[in-house]
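Novice: Taken from Swiss-Prot, the feature active site, nucleophile applies to CYS48, supported by sequence analysis. Summarising the annotation, Swiss-Prot assigns substrate binding site to THR47, CYS48, ASN49, ARG50, SER110, GLU115, ARG116, GLU117, GLN121 and lists sequence analysis as the type of evidence. The NADP(+) binding site feature in Swiss-Prot is assigned to GLY192, THR193, GLY194, ALA195, TYR196, ALA197. Summarising the annotation, Swiss-Prot assigns region 'Disordered' to 425-446. The site 'Important for activity' annotation in Swiss-Prot covers HIS100 and is backed by sequence analysis.
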Amino acid sequence: MVLFSLVATHADIDLETVAQLSTGASELATSALSGSPAVKGAVVLATCNRFEIYGEAPHPDDVEAARAALVAQISERTGLNEQLVSRSFNTRTGGEVSQHLFAVSSGLDSAVVGEREIAGQVRRALINAQHEGTASSGLVRLFQAASKTAKDVGAQTALGSRGLSIVSVALDLATDLSENPDWSAKKAVVFGTGAYAGATMSLLRERGCTDISVFSSSGRAEGFVATRGGKALDSDTLPAAVAAADVMIGCSGSDTRVEAEELARVRAGSAQTLIAIDLALTHDFDPAVGELDGVELLTLESVRLAAPQEQAESLAQASGIVTGAAAAFEQEREARSVDSAIVALRRHTMNVLDAEMEKVRARHGCTAAAEEVEFALRRMVKQLLHVPTVRARELASNGQQEQYIAALDALYGITVEQPAAAPAAECPVDHGRAGQAPADVRRETA
């Protein structure tokens, strides 16, 4: 089995393309596994500025077929040309897969370097895949190791010690744009009830903002504010809240967004400036709202450009931890695969021995002589297996365990089987999309 990943991020392509690629992401892994024998496991990591697919294929020769199957699935779901989809992804295999994911989980590859939110997103991606039954055992170990690496980076370095995140940088920008930087006097409207909305609520309160309203077309706003505070909005109260707001923050990423024309109508006659912070990859707010009088629009690109740089020492320490963890993961993975091969060879050899001993007993009975023959044969088999076992570990230490596995298949017809799917997660995950929102403003996903 071989791990691979398809990676599309803010570092290589524009966020609009990343958003388009992520359309239908929640069903991609399931359809890929059912549609291609080359895909034995898949975990999808979709965030505000990246869309990545981590997969497991039976053999290195199957990676290209697995990639083609995933590209075709994405093209079908998004309506994008297959060639465009293919060009948008960088393909990683072998040690590059763990090196990249560990860096991502640790915040080293984020628009805001060192941010901690991505670690939670990596954990949730695995939980989702386990719930859907698409996480192979190899992928489970990969993502668990990534989460552990992120914890080690947080505990052993100063990376992220300032608590920066995409949300915090966005709110800092909003403070700079405000005529009055005092958040205790501001009214905020938050669109969405997911993880970003929760982080936004917490950071707003840290800054002193107490007048926070939350809108969810799915009816989840009441439950959301019940545990976090704030006021739940519905389709009737949303327009008035937006009209009076100093800040509105989009955290949902639905198919429908706040249109400039509707916002202009709702805000007509307002003398105060509205800061619109769009943290959704697929845009909660029409980009044209930034052209309206009295509206300042902040986007993910604004955050990326404004994000402060981490200190070089912290980055070097974190990078060292990531590199070491990735190397250890690859060594453990190689040892695990060759262990399965050794067990398979021993099982095959002992099955042959047992079959021959059955013939001996059938002819001579369970005599002392038969026992002596069995003892001698088992000792001989043990000696014969010694060199192949040593060679297996030598090859694994050099990353050549696949050659050993291929040799077993070629010489003895032994197929080294490894589990393809991990058990489902214990906690359920809601993958549903929200319903329709009021025509006044928008629809959102909780």
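Placed from the backbone N, Cα and C atoms, the Cβ positions cover glycine too.
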Novice: Return the residues near ALA197 (NADP(+) binding site) by Cβ distance under 8 Å, restricted to its own chain and a separation of at least 6 in sequence.
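Specialist: Spatial neighbours, sequence-distant, of ALA197 (NADP(+) binding site): VAL190, PHE191, VAL214, PHE224, CYS251, SER252.
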Novice: Minimum Cβ neighbour count within 10 Å among the recorded positions CYS48, ALA195: which residue?
Specialist: ALA195
Novice: Name, in the order they occur in the sequence, the residues of the same chain whose CB lies under 8 A from the CB of THR47 (substrate binding site) and which sit 6 or more residues away.
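Specialist: In sequence order, ILE118, GLN121, LEU281 meet the Cβ cut-off.
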Novice: Beyond THR47, CYS48, ASN49, ARG50, SER110, GLU115, ARG116, GLU117, GLN121, what residues of that chain have CB atoms within 8 A of the centre of the substrate site's CB atoms?
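Specialist: In sequence order, the nearby non-listed residues are GLY107, ALA111, VAL112, ILE118, ILE166.
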Novice: Taking every protein chain in this structure into account, which of the binding-site residues ASN49, GLN121, THR193 has the most other Cβ atoms within 10 Å of its Cβ?
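Specialist: That would be THR193, with the highest Cβ count within 10 Å.
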Novice: Just the number: how many Å between the Cα atoms of SER110 (substrate binding site) and TYR196 (NADP(+) binding site)?
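Specialist: Given the Cα positions, SER110 (substrate binding site) is 15 Å from TYR196 (NADP(+) binding site).
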Novice: Can you tell me how many other Cβ atoms are located within 10 Å of the Cβ belonging to ARG116 (substrate binding site)?
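Specialist: Taking every protein chain into account, the count is 19.
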Novice: Using a 10 angstroms cut-off on Cβ to Cβ distances, just flag whichever of HIS100, SER110, GLY192, GLY194, TYR196 is the loneliest among these recorded positions.
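Specialist: If we count Cβ atoms within 10 Å for the recorded positions HIS100, SER110, GLY192, GLY194, TYR196, the smallest count is at GLY194.
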Novice: Measuring CA to CA, name the entry from the binding-site residues GLY192, THR193, ALA195 that ends up nearest HIS100 (site 'Important for activity').
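Specialist: That would be ALA195, nearest by Cα distance.
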Novice: Nearest of the recorded positions to GLY192 (NADP(+) binding site) by CA-CA distance, picking from CYS48, ASN49, ARG116?
Specialist: CYS48
Novice: Do you know offhand how many angstrom separate THR193 (NADP(+) binding site) and the residue listed as 'active site, nucleophile' by C-alpha?
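Specialist: Answer for this pair: 15 Å between alpha carbons.
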Novice: Can you tell me the CA-to-CA distance separating ARG116 (substrate binding site) and TYR196 (NADP(+) binding site), as a whole number of Å?
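Specialist: Approximately 12 Å lies between the Cα of ARG116 (substrate binding site) and that of TYR196 (NADP(+) binding site).
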Novice: Roughly how many Å lie between the Cα atoms of ALA195 (NADP(+) binding site) and ASN49 (substrate binding site), rounded to a whole value?
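Specialist: A Cα-Cα distance of 15 Å.
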Novice: Rounded to an integer, what is the Cα-Cα distance in Å between ASN49 (substrate binding site) and GLY194 (NADP(+) binding site)?
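Specialist: The Cα atom of ASN49 (substrate binding site) is 16 Å away from the Cα atom of GLY194 (NADP(+) binding site).
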Novice: Between GLY194 (NADP(+) binding site) and CYS48 (active site, nucleophile), find the distance joining the two CA atoms and give it rounded to the nearest Å.
Specialist: 13
